[in-house]
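Over in TrEMBL, the protein carries these features:
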- 24-49: region 'Disordered' (REGION)
- 24-47: compositional bias 'Acidic residues' (COMPBIAS)
- Cys153-Cys183: disulfide bond (DISULFID)
- 252-360: region 'Disordered' (REGION)
- 263-291: compositional bias 'Basic and acidic residues' (COMPBIAS)
- 330-339: compositional bias 'Acidic residues' (COMPBIAS)
- 471-492: transmembrane segment (TRANSMEM)
- 509-593: region 'Disordered' (REGION)
- 513-526: compositional bias 'Acidic residues' (COMPBIAS)
- 555-577: compositional bias 'Acidic residues' (COMPBIAS)
Amino acid sequence: MKPRWGWMCLLLLSVAMVTWAQEEELDEDDEEEAQVEDGDVDSEADSGEMTADANVSFQVTYKTPVPTGEVFFAETFDDGLLSSWTKSKTMKEDADEDIAKYDGKWEVEALKENKVPGDLGLVLKSRAKHHAISSPLSKPYIFKDRPLVVQNCWGGFTEFKLKLYEQFHDRTPYSIMFGPDKCGEDYKLHFIFRHKNPLNEDFEEKHAKRADADLRKVYSDKKTHLFTLVLNPDNSYEIFIDQSSASKGNLLTDVIPPVNPPKEIDDPKDTKPEDWDERAKIPDPEAVKPDDWDEEAPAMIPDPDALKPDGWLDEEPEFVPDPTATKPDDWDEEMDGEWEAPQVPNPACQTAPGCGEWKSPTINNPKYKGKWKAPLIDNPNYQGVWSPRKILNPDYFEDLEPFKMTAVRAVGLELWSMTSDIYFDNFIITADKEVADRWAADSWGLKKLVASANEPGVFTQLTLAAEERPWLWVVYILTVGLPIGLGVLFCWPKKSDDDYVYKKIDPSKTGAVEEEEEEEDEVEEEEQKKGNLEDQGNVEEVAEPAEEKKNRSGDEDDAAGGEQEEEEDEEEEEEEEQASKSNETPSDDEVRL
């Protein structure tokens, strides 16, 4: 009987595949239902609240976020105006005149993809131009005992300026510069602050260490991202990307150059003495070159065992003038010189091992030692590596509160970009991280929700990934094919050997097969009887003088024939008994079932 376990495993695999396909279809249907329609949605100018469409199963209701708690600056651009912002009209220094002007265009628009109805943002519209725009804070932020929390959606440089200028440019003084920066394949997230030297009151830029996050993915996935800076009065800081920590440190220890200079510096007037010996090893002055040291011996010599191959054509050159070449008609020997036919390989050398003067190949010279040098020994006069003596740093100071920077009074965006349609939105400056988190949930959180609902399915994402990295197809095939192959291997056992051992007594044989076997047995019996009759006929044809011998041989033949028939009858009886037993005893397949 055929094993049934293989069919059961195959059935289970089929059911699992059908169920999985149905789940994928349901997921795709859910994603299609989750698409946000940007249709006829009424907006109120005062509240910005969006009315939901009853025909859409998944509908985002957007309301212009209103910050809670103490806020120094908040901007959503949902009013569609830039009334509180000032565009720069100055010229950039140290730049060509045709590109020095800050004439890049700014517009207030909705996102091109994954729109949230009613949500607008500031968009940089120009390519290869300088852009600068600024807006005042509702009240100045004073660095004292409260944290500074800065947050914006996407963005280029966000610079927190001291003043608001129509002459706002790249060299306008600022307190903090924070935001993403992409130049070619260099991806950065800047946090720079200007520290005031308490001795001379000069300002110096301090750069925080690079973020630990994979900025390449963040800057290239074409999604909106949220950047947050938290600066605490204890000089600690933390940078978040999409509300996940990307970098943290301290203003005193994790910025370059350090806030506080070293207490001691090298004496600029100190010079190294002329007799100062910095050599740790010197040639042994007592070493002598050996007499058998030959500095003139070449590194390579001709192989003395090499022999010129037979048939080498010493008199034939490797190249000969091309006999088919002709001097050009416009060749002027006075101007161009004597004409010579171009060189071609010598036809006579094609069948020979070589042409021209034969030279033995070169090998390494076993006697070559090179230029002799005395071995090195420790320098008894070694004094170490010289360094100037240390003196007190005349410019030393210790500022243990670099957090206390110059007050912030305005926000400014100043950048040059080779990419247009860069989106900025949802700026907030506050002293409470929870306020910024609630603001993010009401603004950027909806953008993220819509983008997630509109993302392609798993198969589409896998296909796109494989198009960028073709080797992923191998991973996919192994991931899908290996489990299926193992399932077939273990769930589909091989056919039992008993089916082959007991073929003759297999009870599953049909009646037609049994009738054929009985007919074959009858044919064999008839052939045996005919053979016995022919033997008897041959005995009767023997001569008369051998009659007694014939009788004896006939008797023996009859006895032998009778014994053979008895043996055949016994074998048939044994086969019938075995067949009857096999019908009464169930087969191995029936026992297993």
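Please read every residue number as a count from 1 along the shown chain.
Every residue, even glycine, has its Cβ placed from backbone N, Cα and C.
Helix, strand and coil residue tallies for the compositional bias 'Basic and acidic residues' (263-291), in that order: 0 helix, 6 strand, 23 coil [DSSP].
Cβ crowding, taken as the number of other Cβ atoms within 10 Å, peaks at Cys153 among the disulfide-bonded residues Cys153, Cys183.
Residues in the compositional bias 'Acidic residues' (330-339) partition by DSSP class (helix H, G, I; strand E, B; coil) as 4 helix, 0 strand, 6 coil.
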